[in-house]
Amino acid sequence: MSLPLFIEQILNGLQFGVMLFLMAAGLTLIFGVMGLINLAHGSLFMVGAFACAAVAAATGSFWLGLAASLAAAAMAGAVIEILVIRRLYERDHLDQVLATFALILIFSEGTRWVFGSFPLYLDIPPLLTGAASLPGGGQYPVYRLAVIAVGIAVALGLYVLIGRTRLGMRIRAGESDREMIGALGVDIGTLYTLVFALGAALAGLAGAMVGALQSVQVGMGEPVLILAFVVIVIGGIGSIKGALLGSILVGLTETLGRFLLPHLFALILPASEAAGMGAALASMLIYILMALILAFRPRGLFAAST
Amino acid sequence: MNRETLVNALLILGLLAAPFAADAMGEPFYVTLATRIAILALAATGLNIALGLGGLVSFGHAAFFGIGGYAAGILATHAFNAEPLLFGLPGTNQMVSIWLAAVAAAGMAALLIGLISLRTSGVYFIMITLAFAQMIYYFAISWPAYGGEDGLSIYVRNAFPGTNTMRPMSFFLIAAGLLLAGLAFFALLRNSRFGAALQAGRQNEIRLAAVGIAPFRIRLVAFVLSAMMTGVAGALFADLNRFVSPSMLSWHMSGELIVLIILGGVGRLAGPLAGAIVYVLFEFALGGVTEHWQLFLGLVLLCVVLFARGGVVGLLAGRARHG
């Protein structure tokens, strides 16, 4: 195991974590502000990926596809918020889980109906192809570095948006007292739609960026959704800071676990068994991490003080 | 006899009568369909203990369903290949032993998962149960010894003394017998002191604690019992398909079990049965017309959640009475 390989794995973990953050930020924002658990967030991820792949295939431009993915996911988010989600804010979590589960079925089958069951492929834009050299002599794809940069930029943007702007002030106010902010003359309905669309757009962005790294297919959002849940549970539901920290933690644990555990087991077991055992344990690692964190802090690392 | 009792009796009689009619008309496929209904209803009745009575929205009951299934698959495989399992113990192809193993395995898993998950509540509980189920799902996929992603076939359906389980009718009767036992257990539990405490914990945790009952232990026991029943259903389901795969552990399965309860009526005795009947018939009827039946299932489900609360039993028998 050499240093460049190790650095490469850390970068992979960061890239994965950043992608999770884009999902988790939307989820945690929606939960924090509206108190809603949204399983359909993975579908918005999928919508973003499909929109990007379809538009990129039609126009030949990844950048148009990226813009389309943001627009399509935000639009899909706004539409389901107005049609369905809005009726769920006052309901209990069971109803929210079921209604958004129903939305997943509708989105997944609807997408399969339109695009068929075969996966689509999305090419990395020419500007970002190629590899950058790492210290120690390794090579790393520029595209993945760009994904990390976008994630960091979004995290900074969200920090400014929530902490420094008027809209962010309203979002925070909505989080702590929705009646009061309504009484002060803020249209809470529009605010909620806006927050939901923002979360959806972030999910769509994540979907489009990941679409170039793997195949674009129905159901691609679900594993990511569940990992994003793990992230926000670890970070504390409602906390953007928690989501960022949780994402990086989960991304690194997952990637390094898959990379290191088989090597570790190889020290004590025959190679064939070590690979199987390492892979099996690595797939459980983040859940074990979550269980450990929750055993000591049942409300996550940065629980909102509600 | 009040209306709910009548509705319950009709649902159970309907489930029992339909396969006999189908068998008489020489349509064994419908017997299998009824068996599927009975097994899914049993699994959802298990979940109904935690979700309906205790208000514990477990989004990870597929874990127990799948563990039951894998218990059946693994024991049967070892018996078939005549390989010892653990510590020299042999596998088995006797359903009764397999059910006991499924109950024990699902119960152990639920105890561990419950000990951690039940420290949390609300959304955290939903997500944590989901995450634990995913953990087991990924473990099943990446553990190569028992088929991994491809699943595990059971070459001969496991045996039950005095009958040929390969006959659809016999297997249906076994499944229906277990469902009735499960429903009876649910009814007894609901009307017991334990059930009263469990339901009180759902309605008002602080008052329950104020009368000197710790909610945590009550919930943990309910969660474990709930998982055990779902585990037995999983073992039956594996025998029905003669196949176990990680899809039994997937979160879609967890969602489906909750859907059954919502369609039928939360916390109602025959809710899961009514839900399973509606769900399986819906799948069968629409699945024949369009391969995109899940889209319509989603629409129906959405309408039920938004507009028709109380499910089928609520529709037929009115609101639940507190006797």
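Even glycines carry a Cβ here, placed using N, Cα and C.
When Cβ-Cβ distances below 8 Å are used as the criterion, the transmembrane segment (A:16-37) is approached by residues 44-45, 85, 88-89, 93, 96-97, 100, 147-148, 150-152, 154-155, 158, 171, 174-175, 192, 195-196, 198-203, 205-206, 209-210, 224-225, 227-229, 231-232, 235, 237-240, 242-244, 246-252, 254-255, 304 of the same chain, each at least six residues removed from its ends. Residues or ranges marked as transmembrane segment in TrEMBL: A:16-37 (among others).
For A:44-64 (among others), the entry in TrEMBL reads transmembrane segment.
Sequence-distant contacts of the transmembrane segment (A:70-89), counting only residues of its own chain at least 6 positions beyond either end whose CB sits under 8 Å from a CB of the stretch, comprise 34-36, 38, 40, 43-45, 47-48, 50-51, 95-96, 99-100, 103, 189, 192-193, 196-201, 203-205, 207-208. The transmembrane segment annotation in TrEMBL covers A:70-89 (among others).
Long-range contacts of the transmembrane segment (A:101-122) within the same chain: residues 39-40, 42-43, 46-47, 49-50, 52-54, 56-57, 62, 65, 80, 84, 208, 211-212, 215-219, 222, each at least 6 residues beyond the stretch ends and with a Cβ under 8 Å from a Cβ of the stretch. Annotated transmembrane segment per TrEMBL: A:101-122 (among others), in sequence order.
The transmembrane segment annotation in TrEMBL covers A:142-162 (among others).
Among the features that TrEMBL reports, transmembrane segment is placed at A:183-213 (among others).
Under the heading transmembrane segment, TrEMBL lists A:225-252 (among others).
The annotation transmembrane segment is assigned in TrEMBL to A:264-296 (among others).
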Contact check, the transmembrane segment (A:183-213) vs the transmembrane segment (A:44-64), 3+ Cβ pairs under 8 Å, seq sep 6+: yes
Six or more residues beyond either end and a Cβ under 8 Å away: which residues meet both conditions relative to the transmembrane segment (A:264-296)? 227, 230, 233-234, 249-250, 253-254, 257-258
